[in-house]
């Protein structure tokens with residue numbers, strides 16, 4: 001496929017998606033649509049890789065230009081916002097908590113969602129080695145397509161050597177000194193306790209499977225809690241946090257044991273609608289606010 005080019009940005013562009021071909025005999029329209037989209041995705045993989053490479057190159061060039069301009073304007077000093085974050089924080093402290101990313105939902109995700117989950121896990125690892133505090137993280141039910149993604153699609157990741165990160169195909173979850181984090185519970189997580197294991201659902205499903213992690217935790221007898229987001233901030237857009245966000249928020253909490261500060265420092269500015277008045281929301285909350293908190 002020959003990439004189209006934008007003359008202004010000189011970046012490759014994928015061609016508009018073609019119309020869905022006639023449905024083959026013996027297949028439903030939804031089955032054919034899913035298969036055809038997958039085929040188109042595979043067909044365009046080389047082009048998407050080229051687009052990502054061009055965007056990274058353009059971003060590097062723009063950063064060099066900003067850096068050069070800043071150096072000229074600041075007498076040779078690099079502004080704080082342009083300084084790179086060290087890949088590893090050598091002054092890290094042990095948070096004392098353990099985190100499990102429960103990935104036992106492979107069959108409930110499509111290929112793109114598996115890729116998205118693998119990206120979230122790698123970003124969670126990056127956060128775990130850069131933040132001021134780290135946790136011992138274990139990825140359970142690491143098998144099937146997710147493992148294949150790491151072994152084949154992320155060659156060179158060397159994930160089996162990641163520090164404070166363990167991958168296992170075992171699916172068993174602890175039921176003592178453990179908490180399953182899910183937005184579908186009414187119980188709020190007040191604080192993070194060293195010695196406790198916090199379980200995060202490793203699933204990207206665009207909210208198709210309601211109360212999935214909550215029901216699993218209940219079946220296993222594991223207490224459930226939700227992050228106290230609604231008590232401190234309000235979000236705009238989809239009230240969904242990635243696995244990366246959840247882990248990073250927990251690590252940031254240990255900086256000052258301040259949930260509000262942790263949320264504001266981690267969540268993208270585009271998701272922050274306005275800061276909530278914690279004092280008012282502690283005394284009263286409307287049904288809409290309660291629903292928002294459960295949707296997060």
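Including glycine, each Cβ sits where the backbone N, Cα and C put it.
Look at Swiss-Prot and you will find 205 tagged as active site, proton acceptor. For residue 205 (active site, proton acceptor), other Cβ atoms within 10 Å of its Cβ number 16.
Of all Cβ atoms in the protein chains displayed, 22 besides its own lie within 10 Å of the Cβ of residue 241 (S-adenosyl-L-methionine binding site). In three-state terms derived from DSSP, residue 241 (S-adenosyl-L-methionine binding site) belongs to neither a helical nor a strand segment and is classed as coil. Here Swiss-Prot flags 181, 182, 201, 205, 206, 207, 208, 209, 213, 227, 239, 240, 241 as S-adenosyl-L-methionine binding site.
Annotated domain 'SAM-dependent MTase TRM10-type' per Swiss-Prot: 85-274, in sequence order.
What Swiss-Prot lists as region 'Disordered' is 1-33 (among others).
Summarising the annotation, Swiss-Prot assigns region 'Disordered' to 277-296 (among others).
Around residue 213 (S-adenosyl-L-methionine binding site), the same-chain residues at least 6 positions away in sequence with a Cβ under 8 Å from its Cβ are 102, 180, 181, 182, 184, 201, 203.
Here residue 208 (S-adenosyl-L-methionine binding site) comes close to 108: these same-chain residues lie at least six apart in sequence, with C-beta atoms under 8 angstroms from its C-beta. For residue 241 (S-adenosyl-L-methionine binding site) paired with residue 205 (active site, proton acceptor), the C-alpha to C-alpha distance reads 12 Å.
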